[in-house]
Amino acid sequence: MKSGKGVEELLDNIDLPTLIKERLFLVLATIIVALTAGGLVCMILPAKYQANTILRLSQPENGFAGDTGANRMDYNSLMMYRQLARTYCELAESEQVLQKLSERVERKLSPGDLRRMVTVRKVKDLELLEILVRDTDPYRAAFIAGSLATLLQQEEKEAWKMNNLRIIIPASPDERRVGPNIFLCMLAAGLAGMLVSFILVAVMGYLRLWRE
C-alpha cells in the first residue's frame, strides 16, 4: 500500500453510488446473468403438483354444554378437539404410518421422501384436518393423499378402537402446477445478482484505492 492508508480510512473513502454509476455495465451484466440462470433453473426443475383431502373429526357425544341444548362446545370438548387434531397430525407423519404408505406406492418412495411431500394441518376450525401432498405426478399426489387418509382411519380403529375421522372431500388429481414459482425464482436470482454486483464493485473500488 503506497500511501499507508488504513483499512478503515479506505472503506470510508469508498463512494458506492459513484462506483455503481462508473461500473453500471458490470452491475447490469451480473443481474442479467443471474436472471438467466434463475430462469434456466426453473425450466430444469420438474413441475410440482398438489393434491389434498379433507377429513372431519366427528363430534363427541358430550361435546355441547348447557341445559338448553345449544350447539356450543364446552371447555372440555374444546380441549379434546385440540388434542385429537394434534394427535392425528402427528400420527399422519409418524414413521409407522409413512412406512405403510410407502408400501402403498410399492416402495417407490421411502418414508423420508413421503415426509417431505406430505403436510397435515388443521383447517380453520378444530373439526377439519387437511392432508396436502406435493409431487411431480398429479395422479400419484392424489393417490398418496387418499391413501394416507384411509390409513389414518384404519390406524385409529386398530390402535384406539375409535371411529372419529370422516373423509368429506376426497383427493382428486389437479394438473395445475404449484411449483416451482417462476416469479419467486426470478426475483431471488435478480436480488442475488444485484448483491453480487454491488460486492464486486465495492471490492474493485477498494483495490483501486489501496493501490493509490
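Just so it is clear, glycine is given a Cβ too, placed from its N, Cα and C backbone atoms.
These come from TrEMBL:
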- 18-102: domain 'Polysaccharide chain length determinant N-terminal' (DOMAIN)
- 24-47: transmembrane segment (TRANSMEM)
- 182-207: transmembrane segment (TRANSMEM)
Number of helical, extended and coil residues in the domain 'Polysaccharide chain length determinant N-terminal' (18-102), per DSSP: 52 helix, 12 strand, 21 coil
Average model confidence [pLDDT] within the domain 'Polysaccharide chain length determinant N-terminal' (18-102): 79
